[in-house]
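Read through the structure below, which is laid out as structure tokens, and then see the notes.
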Amino acid sequence: MITLIIFSFLSFLLGIILSFTAYKFRSQEDPIVEIVNELLPQSQCAQCGYSGCYPYAKAIVENSEKINKCIPGGTDLISAISSVLSIEVPEKNLIITHKKQKNNTVLINESNCVGCSKCASFCPVDAIVGAPNFIHTVLQEFCTGCNICLLHCPTNCIEIKKETYEE
């Protein structure tokens, strides 16, 4: 019984020490970065030139990065970010940072698809549907053309047909 009391007291004491340490050494992030990050679509598609939505939000706030690089967010996102940051909406609606898809069609070759579901599990916007061990298909209206599914397909049955243009 005394062992239980000692361990309870030590656990309580360590909890207080950890709480104080976490409070004292917490990260001092800018709350505006969090607000901008919440506005972004969280598709982590990297079409803006950054590895994900949070690094792009941080660059917008801290480095004055252009706010019109998020392709999936579109013009509504540009308006929302400009109102949060109290800046003007840029004249050019969207900036395409790399060679990107204007009209893309993602096709899954059904004869090669083994139904492993890897493409669907890695799709950041859930544009690929299908059940394990069955053929999968792409919902074109949700697909952002990020090519992540292409990288994870073990049978190379995903094909992206696209028209491209440069900025």
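Note that Cβ sites are derived from N, Cα and C of the backbone, with glycine treated the same way.
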Among C53, C70, C153, which residue does Swiss-Prot name as a further [4Fe-4S] cluster 2 binder in the site formed by C113, C116, C119? C153
Figure out which of C123, C157 sits with C143, C146, C149 in the [4Fe-4S] cluster 3 site per Swiss-Prot. C123
Taking DSSP states H, G and I as helix and E and B as strand, how many residues of the domain '4Fe-4S ferredoxin-type 1' (104-133) are helix, strand and coil? 5 helix, 7 strand, 18 coil
Which residues of the same chain, at least 6 past either end of the domain '4Fe-4S ferredoxin-type 1' (104-133), have a Cβ under 8 Å from a Cβ in it? 41-45, 72, 139-140, 142-146, 148-149, 151-163
Cβ-Cβ distance under 8 Å, sequence separation of 6 or more, same chain as C53 ([4Fe-4S] cluster 1 binding site); the residues meeting this, in order, are N37, L40, P41, Q42, S43, Q44, C70
Counting other Cβ atoms within 10 Å of each residue's Cβ, which of the binding-site residues C48, C70, C113, C123, C149 comes out lowest? C113
